[in-house]
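Residues or ranges marked as domain 'Oxidoreductase molybdopterin-binding' by TrEMBL: 216-361. As annotated by TrEMBL, transmembrane segment applies to 21-45, 51-75, 87-108, 120-141, 161-178.
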Amino acid sequence: MTIKWFKHGKWPRWLIGLHHYTIGSFILLVVTGVALYLPIVHTALIPYLPIIYQIHILLGLIFTVTLIVPFLRVLPAGRRIWRYDWVLPLLVGAPIVVTGIMLWGVTLFPTTARSRAFTWHGWLTILFGAWILVHAFYKALGIRPKANGIAGRVDPDRRMFLRWTSAGVLGAAVVTVIDPASLLTRLMPQQTGGGRGPASAGVQRFGAYYTVVSGYPKMTLADYRLQVTGDVAKPMALQWSDVQSVPKYRETKDFHCVTGWSVPNVQWEGIHISQLMKLVQPRAGVKYVNFYSFDGQYSESLKLSEALDPTVLLAYQMDGQPLRQEQGYPLRLVVPKMYGYKSIKWLTRVEFSAQPITGYWERYGYPNEAYLTSGV
Ligand SMILES: Nc1nc2c(c(=O)[nH]1)N[C@H]1C(S)=C(S)[C@@H](COP(=O)(O)O)O[C@H]1N2
Ligand SMILES: [Mo]
């Protein structure tokens, strides 16, 4: 049996173009993905994050289509493709796509599965990237491994496509439903935690600890004041002991960031905004609650009705521990029904007002009403 080796000229131009496109778009997907995920890069690119997020999803969707093309169009026959060049992109590419879709569809999938999907989306991309490098290396050196087994040459057909894509999709289902990822994350904790050292026992790691200023602002409880101001009868500056004396409010809720990561079942403890209203007595015209951070940059705004939702609180504990400094110590807002950017950290002023303010991310185009939706 004769084997026709790869010759550029014999491939249809559209297929070569597609191949180059796939490589280019993979690189762009990695670059935009890293920009969204890695806090250091993330912070430097703040004004562009909303658009980078859209680009990442658009590229991902096109990437998905390019993976399916060989299924739609029969490739020229002649045993020309190494089996692993065909099997690996499907086996690894399919679960990257599936986990990506899970991250995109925030309200469509359970948070626990999505938080695993986030981890696997990253790990599988690293695997895929490593394979592309090996593939490029082989090609550049013109190395031709012995043609048998996984290194054998095949004509990719639809049956093969279906088999390996299904295997990849099934794999994605398995890793997001059960959790072999916890093994990997225990070995390399920085992969899911933004590289800030281990969390205290019982405290869940968040996908990233964001900050829009350089570093995480520090505050001692002795210096801390919570200003409660605005259109109110009795404006106040609460010391930490005053904050503590307000009746405690507890809840367990999922947390979601717009950039894809989620944390299931976070236990928050803190105070409900209705308690602050009892203290300062807002006047009749108050329609908004505005929030300010002592990082000097971040701000947020909620309608009064939103702020009084039973799920909204000012939290000082998470999973039974005081907040970490990165998480907004000593006090942060938590709005579980909305994307994470509403949950302002390092809270220092709550203002009851007839007017809303434009929050930090809202200035960069994020919507004011940040209710979780499935996707963009
Ligand atoms: N002051 C301040 N609050 C903030 C942010 C920030 O950068 N600064 N990031 C927001 C975003 S986009 C998210 S997703 C959550 C992240 O919470 P975490 O840092 O505890 O993970 O905090 C929100 N509150
Ligand atoms: Mo976020």
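Including glycine, each Cβ sits where the backbone N, Cα and C put it.
Model, not experiment: these values are computed from the prediction.
Note: the stretches the transmembrane segment (120-141) and the transmembrane segment (51-75) are not in contact (fewer than 3 CB pairs below 8 A, sequence gap of 6 or more).
Contact between the transmembrane segment (161-178) and the transmembrane segment (51-75) holds: at least three of their C-beta pairs are under 8 Å, each pair 6 or more apart in sequence.
Counting residues 6+ beyond its ends, the transmembrane segment (21-45) has Cβ neighbours under 8 Å at 52-53, 55-56, 59-60, 62-63, 66-67, 121-122, 125, 128-129, 132, 194-195, 207-212, 214, 259-261 in the same chain.
In the predicted model, the domain 'Oxidoreductase molybdopterin-binding' (216-361) shows an average pLDDT of 96. When the domain 'Oxidoreductase molybdopterin-binding' (216-361) is classified with DSSP, helix, strand and coil residues number 25 helix, 58 strand, 63 coil.
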